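Take a look at the structure below.
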Amino acid sequence: MRVTGRSRANLPESTNTYRQAGAESNINDQSSPGGLTGRISIGSIRLLRSMPDYCSTNAFERQDHHFCTRLRKERLWFSFFILFYLGYLIIGAVTMHIIEVPVEKEKRQDFFELRNNFLEMYPQVLDDHLEDFLAAVVQAKGAGISPLRNDSQDINWTFGQAILFTTSVITTIGYGHVNPLSDGGKIFCIIFASIGIPLTLVLTSATVEKLLPLANKLLCALNTKFDQTLDPVYVRMILLTIIASFVILCCFVIPSVIFALLEPSWTGLDAFYFCFISLTTIGLGDFVPEEAVADDSNLFVLYMVLVCMYLLLSLISMMFVLTIFYDIPQMNLTHLLTEGEYSEPLERHLTGRSSTFEESLPYRSSSPRRPRVRIAEGSTSSEK
C-alpha cells in the first residue's frame with residue numbers, strides 16, 4: 001500500500017463489500033479539509049464491510065447521513081414486518097376458530113348421544129365403569145395401540161412403520177402417529193435425530209448445489225432468448241415459474257392422485273392435504289399412508305420405502321425452488337429488512353451466464369454494477 005500527495009486524506013469507511021477479481025477500476029476520493037487528495041494503491045483484495053458512526057461529523061457527513069437514513073428505513077420495515085407477522089398469526093387463529101368450532105361441537109354432540117344411548121341400551125353398565133374404559137381406550141390410542149378388534153393384533157413397530165418413523169424424524173416432519181414408548185427408545189431417538197437432521201440438511205443442500213448448474217443453463221438460454229425484450233428480473237421469474245410448476249406437478253398433483261387411489265379412506269383433497277402438510281414439514285399426522293397393501297408385509301415395507309423416497313426427493317425439490325426464489329433480489333424480503341446493515345444482496349448462485357454467453361452478449365444486471373475499488377496514482381475516477 002502506498003500513499004502519495006502532501007498529506008493523507010481521511011478516507012470514508014465503506015459500507016459495501018467489494019470483490020476484487022483481477023479487474024481494476026477507480027473510485028472518487030474525497031478531499032481533505034486542506035484541499036489535498038491522498039491516493040492509495042490497493043491490490044486485488046476483498047475489502048471488509050465496516051460500519052461508520054451513526055452520528056458522524058467529519059468530511060463525509062453526507063455518506064453517514066445516507067447510511068443512517070437507510071438504517072432507519074430498515075428498522076421501520078422490520079418493525080412493520082413483526083406487526084404484520086403477529087397480525088397474520090392472530091387472523092389465522094381467529095379464522096380456524098370460526099371454521100372448526102361448529103364442526104367440533106357437532107361431533108361432540110354426536111359422541112355424547114352415542115354414549116348416552118349405549119348406557120340406555122345396557123343399564124347394567126355403570127357410568128363410572130364406562131368412563132374408566134373410555135379413558136383406557138384414549139390412553140391406548142395415544143400410545144399408538146388401536147382399540148379396534150381387527151387392528152388390536154397389528155404391531156406398530158414393523159419395519160415399514162419404523163422406516164417411515166425414522167424418515168419423519170430426520171426430515172423434521174414428525175407425524176407422531178407412532179412414538180417411542182420406552183426410555184431407551186426416547187434416548188436413541190434424541191441421539192438419532194441430533195445426528196440425522198444435520199446429515200439431512202447436508203444431503204439436501206449438496207443435492208441442490210448439484211442441480212443449480214442445470215437451472216443456470218436454463219437461465220442462460222432464457223437470457224439469450226429474451227435479452228432484447230425483457231429485463232433480467234423478469235427472466236428469472238420465468239425460470240422460477242417453470243421450475244415451480246414442474247415441482248408442483250411432480251411432487252403434489254401426481255402423488256395426490258396416486259395416494260387417493262391407494263388409500264381407500266382418502267379423498268383427493270385428503271391426499272393433496274397430506275402431500276402439502278408433509279412437504280412443508282408441518283407433519284400433523286392426521287393422515288399417514290398405512291392402509292395400502294397392509295395385509296402383505298413385504299409389499300407394505302416396499303410401499304413405506306417408496307413413500308420415504310418420495311418425501312426426501314420432494315423436500316430436495318422444495319429447497320431447490322426456494323433457492324431459485326431467493327436468488328431473485330427483488331423477491332428477497334430479507335434484503336429489504338436488513339438493507340441498513342448490508343447495502344447489497346449476498347452473492348447469488350445463478351448468473352445466467354456461460355463463457356460463450358459472456359463473449360457474445362453483455363450481461364445486464366437488474367441492479368447497478370458495484371464499483372471495484374482501486375485508488376492508484378494519477379487521476380481518480382469511479383467506474384460503474
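Cβ from N, Cα, C; glycine included.
Annotated features in TrEMBL:
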- 12-34: compositional bias 'Polar residues' (COMPBIAS)
- 142-210: domain 'Potassium channel' (DOMAIN)
- 248-326: domain 'Potassium channel' (DOMAIN)
- 1-35: region 'Disordered' (REGION)
- 354-384: region 'Disordered' (REGION)
- 76-99: transmembrane segment (TRANSMEM)
- 155-175: transmembrane segment (TRANSMEM)
- 187-208: transmembrane segment (TRANSMEM)
- 233-262: transmembrane segment (TRANSMEM)
- 269-288: transmembrane segment (TRANSMEM)
- 300-326: transmembrane segment (TRANSMEM)
Chain residues outside the transmembrane segment (187-208) and at least six past its termini with a C-beta under 8 angstroms from it: 166, 169-172, 180, 315-316, 319-320, 323
For the domain 'Potassium channel' (142-210), the mean pLDDT of the predicted model: 88
